[in-house]
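Chemist: Pulled the feature table from TrEMBL, pasting it below:
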type	residues	note
REGION	16-50	region 'Disordered'
COMPBIAS	24-36	compositional bias 'Basic and acidic residues'
COMPBIAS	38-50	compositional bias 'Low complexity'
REPEAT	120-150	repeat 'PPR'
REPEAT	153-187	repeat 'PPR'
REPEAT	254-288	repeat 'PPR'
REPEAT	321-355	repeat 'PPR'
């Protein structure tokens, strides 16, 4: 049970300004009326004229309901001009963080005096931690920029860095770490795992090595959290030898240590080492959770290894864990084992949007994909961005132009999903593969609300290759040469288009262009 206040009751003290006897009597009457409306959640001590005593009953209220009642009373008290102790705000923000109650946190933010947020780094830090943990990074960073004395502790910095890292905004997380260094704020044991996660996410091993040196310099070389993060970072950045060296130095290996090493081996296709590590984990009594197993399945390098892991999952009685089953469906479909993927999907005791996305993606070249989408619409899981990328991609490969058009319109009108780059790339691919090159080109020039990226122009260039459309191919290729100057594939595709059109001089010209660029 999360404790909303440190004591069973808490008093909100009124300001001690002088008031007339008549004013006090009116206030007491109003408080009694308020008490009668809230007798299930509040009680007021008769011995004190102005305090507000909060006493919630856990046996009749959920944690969120209790929090909601407290916030309502706080709103009422402030509305009556009652001065609130700063500890109240701090305690409530801590509760909001524990309960992930962002809506209540926003209400408390609106009630907190602006000058208090500026002067009290403790309250500001807790509020920005709440925003960052819930992914509201604009609000978190705005608070961070306005904080006084933010350089006295790494707490606020860690919260913002963690928020960026969790959202995959790794560049922002690393940039903030270096800003932290420039402003003379010393990182602590909680800083390094988050920054190293960002380094691993971007594959920036040189930056990761610099952070590693900072970690050693500040005395965290034997910290378990830091060592686990280093193993994960080096494995993701491709230095599996260094990852293993650090892994061997960890005195008390926990599941995170083993999982990082195992997924590192699997990601690099080192099947023998992966199996050896997997067996060592079992011998060491390490229990893999569903997140770890799903990560392992996502990086399986061969169907044989996948079968062995599936067998272990069945023996452990974890086959029908939702995230594990979703990962098994994706694994089997990636190796063309559609019958196994279908069997798992049909026997799932429960499904979520990831389950539907997985089975739809598995049928990207099978006409049955439309029936799965229709079934999904009847299910409780609503289609999302990924669903429509998968179904539109399937329509493109299957030549289902009319169906693709209907689905694209459905996405916007019924589900209120605004198209992103991948959706437009699917539509260009849909028209392009069907030979409707002008329609595909019109998507880019007339329909997109933002500039097309390499995936969209690449789909158009490939369509021009399929149907030998030189004029539009030249436009697409020229744009791609600017967007991806080092991508050899674009040059080779244009040469094939020129070759198919019998324009051999242009083939030589593109070859010369490649040589000049060092490709």
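Cβ atoms here come from the backbone N, Cα and C positions, even for glycine.
Describe the structural surroundings of these features, if you would.
Modeler: Across the repeat 'PPR' (120-150), the DSSP tally of helix, strand and coil residues reads 24 helix, 0 strand, 7 coil.
Outside the repeat 'PPR' (153-187), and at least 6 residues removed from its termini, the chain residues within Cβ reach (under 8 Å) are 121, 124-125, 128-129, 131-133, 135, 137, 140-141, 144, 147, 194-195, 197-199, 201-202, 204, 207, 211, 214, 218.
Sequence-distant contacts of the repeat 'PPR' (254-288) (same chain, six or more residues past either end, CB-CB distance under 8 Å): 224, 227-228, 231-232, 234-236, 238, 240, 243-244, 247, 295-296, 299-302, 305, 308-309, 312.
When the repeat 'PPR' (321-355) is classified with DSSP, helix, strand and coil residues number 25 helix, 0 strand, 10 coil.
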Chemist: Take the repeat 'PPR' (120-150) and find every residue of the same chain, 6 or more past its ends, with a Cβ under 8 Å from one of its Cβ atoms.
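Modeler: Distant Cβ neighbours of the repeat 'PPR' (120-150) are 86, 89-90, 93-94, 96-97, 100, 102, 105, 108-109, 112, 156-157, 159-160, 162-164, 166-167, 169, 172.
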Chemist: Along the repeat 'PPR' (153-187), what average pLDDT does this model show?
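Modeler: Mean per-residue confidence for the repeat 'PPR' (153-187): 90 out of 100.
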Chemist: Take the repeat 'PPR' (321-355) and find every residue of the same chain, 6 or more past its ends, with a Cβ under 8 Å from one of its Cβ atoms.
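Modeler: For the repeat 'PPR' (321-355), the list is 290-291, 293-294, 297-298, 300, 303, 306, 310, 313, 361-363, 366, 379, 381-384, 386-387.
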